[in-house]
Structure formats: structure tokens, C-alpha cells
Amino acid sequence: MIKFSATLLATLIAASVNAATVDLRIMETTDLHSNMMDFDYYKDTATEKFGLVRTASLIHAARNEVKNSVLVDNGDLIQGSPLGDYMAAKGLKDGDVHPVYKALNTLDYAVGNLGNHEFNYGLDYLHNALAGAKFPYVNANIIDVKTQKPLFTPYLIKETSVIDKDGNPQTLKIGYIGFVPPQIMIWDKANLSGKVTVNDITETARKYVPEMREKGADIVVVIAHSGLSADPYHSMAENSVYYLSEVPGVDAIMFGHAHAVFPGKDFADIKGADIAKGTLNGIPAVMPGMWGDHLGVVDLVLNNDSGKWQVTQAKAEARPIYDAAAKKSLAAEDSKLVGILKADHDATREFVSKPIGKSADNMYSYLALVQDDPTVQVVNNAQKAYVEHFIQGDPDLAKLPVLSAAAPFKVGGRKNDPASFVEVEKGQLTFRNAADLYLYPNTLVVVKASGKEVKEWLECSAGQFNQIDIHSNKPQSLINWDGFRTYNFDVIDGVNYQIDVSQPARYDGECQMVNPQAERIKNLTFNGKPVDPNATFLVATNNYRAYGGKFAGTGDSHIAFASPDENRAVLAAWIGAESKRAGEIHPAADNNWRLAPIHSDTALDIRFETSPGDKAAAFIKAKGQYPMKKVAVDDIGFAIYQVDLSK
């Protein structure tokens, strides 16, 4: 007993002598989407609102504030802007370094994680791109089909030299682990099927985090390309961060994917979220928006009084590069990065400036959420023409009527960017304009759907709208921004229909039925006659929608054929062909859908948000199908319009 006490005392004395406190800052970029420059290639103009060359200034400043810091990237890096398109079209030869890594390699990243869009161009292209990174990558939940082992390094434990508060050198063993949404197997099935599988994020964390601790990790940093949702836990969830915060042994969560900002007011209602501290169930967590518009910062205080390092204090914040309220830049350009990127930037501008045709009219998406719209119409026209030509030699498919589904991709972001609208001017069109009209490198896929499934597909799309109370004279918001993503608001061309927003939504934002008795889709017709529920249609869409199985009429069993061509390339080719045939395209909407008139004895005050600009105001005045009046500008900068749906 005396021997034991002496040993214990010696241990305590040693721990006391070696006790130290370390401040550690962890910084994060995420969802850069190849926006390296502070430049909007779609508008061919500089911007202060996004771009890594400005985020870099925040990185330098944040580093200079502290003794100890590390920087991580959370994926969706190589795709998403014309720079990414240019590089994918050009290809990567042995030894080529992708421009995103020319930039990131100068900023001393400790580690990177993969996002879902890393797989858009296939595994070979991804591996060639990653070869240019001078920092390691982690991902724990992608499994190689052949080896049944992780395709990438699941986690890393990096010995990191730090300085404690007394000025003494210390060594921290920082563990990093990365995750990607399992849905990549749906979204990029053509690139991944038969090559990899993907495991559940939370279950994978529960497997590896204890192992990381056993192998000596002093702290564990989770880098999750996944969003935050308080929905009940279910396996293979896309947005798993809430449940990652409950995994024992996790010290910090750097997350993304949702293009939102945490800590932020949009997440104030989530149980366990402390917006002031930037914690989730007590764990510091940060999600720094998109395109480099924020830098994520987690600050930890670590102490080893007990003989092992423990987090004693923690906080997180997302630092913006632009003050939207004051309309003021908060970050200057990093001139070194600008110089490094100049050649690729210039080549990208040249790439997107190649003429493809002409347009007889302007194409703006200011009203795309409230009425049929030219920016969606031209996509549907192109997809429909492509499929009708493609099936001519197939006797089984050629007899089926062709519809086309497309959604507005640029209608204010996630109600976080009043400048994010399609603005294509009449006259000469370039590839830049095609990329503005169709943002993503999706491929065209055709599904077979019954008339009943077409209606249910549209019922899910109609979840884009809030229900209007016909007895209330208070202001009512028309657009369901919080519960529905605008890229899921499919307009199906080839049929005619109305959407009755006085009725409750039949489906939620995930196309799960919530009101079985509700019906918003009215007067659904094909060639002037009610759609036969048992009729079969071909519906042109994209690989995300077709393989997703979320909407009625989609999923593997419904695939009629998968095109090798990108929807955007189909659009560009159609613009070229139509311009050659007719001299120019005529992008007017055919008005195959509209919001059904609402009859009420109450003077309704229905409102929607759109661009605040004079160009938008003029367009709305000239093209609005319903009486509309601008009544305010909200705190984000969106114009608020009152719309009369009584007619």
C-alpha cells in the first residue's frame, strides 16, 4: 500500500511539473467550388463577396492573432465555377497541378476532406487532381469494392508542434477524420457504381474515433462534408452533424455541404445549439458558408493537468469576408494568390467567352419561383429536343410522349444572396451564358413515369410554397425557403397545370408524404386533355434527379436511358443548332404552369423575395403575370414584392 501511494504521488508530481495549457485555433474553408478568384465569371466582373483570394487574407489575419493554428479544407473544391469546368474540359495530364491546389498549396493546409462534388468528373480525374495537393486527404466512409477497405486514408494523427501559454514547446497529436454524404452513390452513380460503396457517417465515426484515441490522438477533429439537421436519426443520412456531436471522443466539428453559416441565427432553434459560443451539444462546431465567403474558426483551450490533453474551453465563429448590411468588404485580395492564379483565370475567361449562338430576348430568373420562366424554359426546350431526336431509332421509346423536368438553380441561393440570379442579356450568347443557365455538370438521364407519377412528382415540387391562409390579412411569405431547396422545384414541360397554394403541401422538402389528402396540382393536362394516370411518359431530367428515387417516377427501376452528355452541353448545343436554323433562339416561357387564382373575401398580403435591382424591377413590371408591387427590402438585401393571386 505504501509502494502504491508513492507511485501515485510520483505520477501526480510529474503531471504537475509537466502541466501546460495550450491555445489551439482550427480554421476551415469549405464548399469553395473552385471559386479561387474574387470574380464572377457568369457576369464577367470582379466581386468582393466571394473567392479564396479574399478568404486568404482572413486566414493570414487569424493566424497572426494566435501562437498555434491549423487549417483544413472540407471539400467541394474542384467543381462549381467555370474555372472547374475549364479544367475538366482541358483535362489533367501527369504532373499538371489543378489551379485550386496551386492556390491551396500556398496556404499551409494541414489536411483536406472530400465533398460530394469531388466525384462529378469521375475517380480518375479526382485522383489526378489530388496528386497536386501538397497536404494529405482523409475520408473514412468510402469503401473500395475490390479490397473492401477504405478508398482513402480514413484518418490521420499528426504530431503538431505548439507553444504553451508559458512559452514552452509542446507536441499535440491531432487526429483528423473525414466524411462525405452516402448519397454520392445516387448523385454520381455512373461514376461510382461497381467501384465504391459508402457507409453511414455517424456509424463510421463511432467505429473510428475510439480507435484514433487508442492510437494516441490527443484531440479528434471531425471534418464532415455534411449539414446540420435535427431530424430523428436514421442510417445513411445526408446531414449527420447533429449526431456526430454526440459521438464520444469528438473535440471539434468542421462541417459544410449546406452552404450555410454556423453558428448563425438560422440554427438558433436547434436543440443543443449555442449560437453565442458556437457549440453543438457542447462541442465546438463551425460551417463557413460557401465559395470562401466565410472562414471557419474554432478556438480550443487544452490542458494536460491530468496527464493527458483535455479541452477545457471552446468556442467557434464564422468570419465573413463581406458585410452585406454595410455593403463593405472585410477582406482584401491576397496579391500573391492573384498572381499565382492569373494564367488560369485568364484562360477561364477565354473559355467561357466562346460564342455559341444568339438570343432574341433577355433571360432573367427574377420570377422563376412564381411563374413560368425563360431561364427554365430554354433548358426544358433543349432537353426535350435532345430526347426526341435520340429516341427516333427506338421503336419502343419513339411512341412515348416526351416531357422535360428542370428547376431554377439561381434564384437567390438559399435566400442568402440577392445577387444570385440568372442575368443573360439578348444578343450573342457564350458558354458563360449556358453555364449561368445550368450551373451543374449533371448528365442527362431519361426516366419512364406514369401519369400518376408525373402528378406526384409535381406535388413534391409544389412543396416550394408555403400554404396561404385565405382568411388572414397579415403578410404571408409565399416561398418556403427553410423547408425546401429551390433546385428541387422542378417545372415539368409538355404538360399544363396549376399550383393551388391555398392548399397544404402533400409532401415535405424530402418528398416524404405529410398530408395524404392534400392536392395542390390542379387541371393537369396533356395535349388539352386530363392526364391519364396510367399513361406512360418519358421525362428528361438529370442524373441527380433520375437516380435519386426521391421524386415519384424516379429511381433505378424507372431509368429509360442515360445519356453520356451533360445537360449544360445539351443546352449549349441546342442554342447553337437553333441559332443556326432560325438565326437566334426565342426563349419566351410557354406558360404551361401558373399559380392557381385564390378567391378570398379577405384582402390577402402575399409576398415573395427577389433581386433588389432596377433591372429586376423593370423586368417584373414588363413580364409579371400577376399584379406585383415592391413593398420593402429585407435585412439581407432581397426586394420584397407583394403579389395579387386573386386573378
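Every residue gets a Cβ built from N, Cα and C, even glycine.
Features as listed in Swiss-Prot:
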- ASP31, HIS33, ASP76, HIS259: divalent metal cation 1 binding site (BINDING)
- ASP76, ASN116, HIS225, HIS257: divalent metal cation 2 binding site (BINDING)
- TYR440, TYR544, ARG545, ALA546, TYR547, GLY548, GLY549, LYS550: substrate binding site (BINDING)
- 1-19: signal peptide (SIGNAL)
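Positions of the features from Swiss-Prot, shown on the structure.
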residue	record	contacts (Cβ under 8 Å, 6+ apart)
ASN116	divalent metal cation 2 binding site	GLY75, ASP76, VAL180, PRO181, GLN183, ILE184, TRP187, ASP188, HIS225, HIS257
HIS259	divalent metal cation 1 binding site	ASP31, GLY289, MET290, GLY413, ARG414, ASN416
TYR440	substrate binding site	ASN120, PHE409, ASN542, TYR544, ASN567, ARG568
TYR547	substrate binding site	ILE186, TRP187, LYS189, VAL445, THR554, GLY555, ASP556, ILE559
GLY548	substrate binding site	GLN183, ILE186, TRP187, THR554, GLY555
GLY549	substrate binding site	ILE186, GLY555, ASP556
LYS550	substrate binding site	CYS460, GLU510, CYS511
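In this structure the alpha carbons, written CA, of ALA546 (substrate binding site) and HIS33 (divalent metal cation 1 binding site) are 23 Å apart. According to its DSSP assignment, TYR547 (substrate binding site) is helical. The two recorded residues ARG545 (substrate binding site) and HIS33 (divalent metal cation 1 binding site) have their Cα atoms spaced 21 Å from each other. Counting every protein chain shown, the number of other Cβ atoms lying within 10 Å of the Cβ of HIS33 (divalent metal cation 1 binding site) is 24. Across the residues annotated as binding substrate (TYR440, TYR544, ARG545, ALA546, TYR547, GLY548, GLY549, LYS550), the two Cα atoms farthest apart lie 19 Å from each other. In sequence order, THR30, ASP31, ASN74, GLY75, LEU114, GLY115, HIS117, GLU118, VAL180, PRO181, SER226, GLY256 are the residues of the same chain, not among ASP76, ASN116, HIS225, HIS257, whose CB sits within 8 A of the CB centroid for the divalent metal cation 2 site. A Cβ within 8 Å of the Cβ centre of ASP31, HIS33, ASP76, HIS259, the residues given for divalent metal cation 1, is found for these other residues of the same chain: THR30, LEU32, GLY80, GLY115, HIS117, GLY256, HIS257, MET290, TRP291. A sphere of 10 angstroms centred on the C-beta of ALA546 (substrate binding site) encloses 28 other C-beta atoms.
HIS33 (divalent metal cation 1 binding site) falls within neither a helix nor a strand when secondary structure is assigned with DSSP, and so counts as coil.
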